[in-house]
Amino acid sequence: MQRANLSAASEFVFVGLSDAPEFRLLLSVLSLLLYLATMAGNITLLVAISADPHLHSPMYFLLGNLSLLDLLCPTITVPKMLGALLLEHEEISFSGCLLQHFSLIAVVGTEIFLLTVMAYDRYVAVCHPLRYPSVVSPRLCAQLALGTWAAGLFNSLLHTSLVFTLPFCGHNKIQQYYCDIPPVLALSCSPGRGRELVILLVAGVLGSGACMVTVGSYIRILLEILARKSPGMWHKAFSTCGSHLTVVCLFYGTTICTYVRPSSSYSPHRDRVVSMLYGMLTPLLNPIIYSLRNKEVKCALKRVISQV
C-alpha cells in the first residue's frame, strides 16, 4: 500500500509565488534581476578574496565559503521557479524534488555551522589578538570549513530520508516554488507526527547548539570589552564583528520563521514571502554587508574592478 502511494506521487506541481497570470512576467523579471545581482555580488567577492594577497587569511577564507553557499542557495531554486513562471513548466519529478530538497537543506545546514565557526573566529580575533595566528591557523580553518560541509550534508541526508520516505497520495500541488520541508510534509497522507517530532528535534539540537556557540562567542566578546574599559575597544570590536553579527541576525531571523515550527502552523502565502526573503534577498545582501563594513574588502573590490 505504501509503495502504491509513493508511485501515485511520481511528480509534484509548484503553485509558485502567485496564481495570478498577470503577475507572472513581473515576478519573473524581478526574480531574474535579483538572481543576477546575487550571482554578480558573490562571484565578485570570491574573485576579490582569491586575487588579493591581503585577503588570504582565515577570516576571508571562511567568508569565501559563505559566498559560495550564497551562490548555491538561489541556484538550487530560482532557475526552476523562472521555468515555472515563464514557461509554465510547473511539474517536477519525485526524484527531482528529492534532489532539490537535499541540496537546499545541505546548503542551509552548512551555512548555520559556518556562521558558528565565523563567530568563533571573531571571538579569538577580538579577545586573543596576539594568539590569533597560532589558534586560528590555516590548517585548523580548513578543517573547520570541511567539517561544516560534512555536517551540513549529514543533516540534509537525515532530514531528506525522514521526509521522502513518507507516503504521498491525493493532490500533489506544492504550495511553494521549491521543494522544502513544510510544504512537502503537508502533502503526505500519513500524519507523520513521529517523524515531524524527530525533524524538529534534530533541527532544534543542531540549530540551537550552533546558535548557543554563536551567542556565547559574542557574550565573551562583550565581557572582554567591558573588562578592558578601553574607549577604542568598542569601535574595534564593532568594526571586527559588525558585518558578521548583521549577517547572523538576518540569517537566523528568516530561518527560524521558515523551519522552527510545527507543520500545523504552515501558511502557504506567508511562507512564500519568508522563503523569498531567505532564498533570494539574504544571499544578495550578505556580500553587500561585508563590502560596506570592511575596508579591506572594499579596497580589494576596487582593485579587481579597476583591473577588469
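Cβ coordinates are placed from backbone N, Cα and C, and glycine is handled just like the others.
Because TrEMBL annotations are produced automatically, they should be read as predictions rather than curated entries.
If one looks beyond the transmembrane segment (25-48) by at least 6 residues along the same chain, the residues whose Cβ comes under 8 Å of a Cβ in the stretch are 17-18, 55, 63-64, 67-68, 70-71, 74, 78, 81-82, 85-86, 280-281, 283-284, 286-288, 290-291, 297, 300-301, 303-305. Residues or ranges marked as transmembrane segment in TrEMBL: 25-48 (among others).
The domain 'G-protein coupled receptors family 1 profile' feature in TrEMBL is assigned to 41-290.
Residues or ranges marked as transmembrane segment in TrEMBL: 60-78 (among others).
Same-chain residues lying 6+ beyond the ends of the transmembrane segment (98-120) with a Cβ under 8 Å from its Cβ atoms: 59, 62-63, 65-66, 69, 72-73, 76-77, 80, 92, 144-145, 147-149, 151-153, 155-157, 159-160, 163-164, 178-181, 184, 206-207, 210-211, 213-214, 217-218, 244, 247-248, 251, 255. Residues annotated as transmembrane segment in TrEMBL: 98-120 (among others).
Away from its own ends, the transmembrane segment (140-158) comes close to residues 58, 61-62, 65, 102-103, 105-114, 116-117, 121, 202, 206 of its chain (Cβ-Cβ under 8 Å, at least six residues beyond either end). Marked as transmembrane segment by TrEMBL: 140-158 (among others).
Annotation comment: TrEMBL describes 197-223 (among others) as transmembrane segment.
According to TrEMBL, the transmembrane segment annotation covers 244-261 (among others).
According to TrEMBL, the transmembrane segment annotation covers 273-292 (among others).
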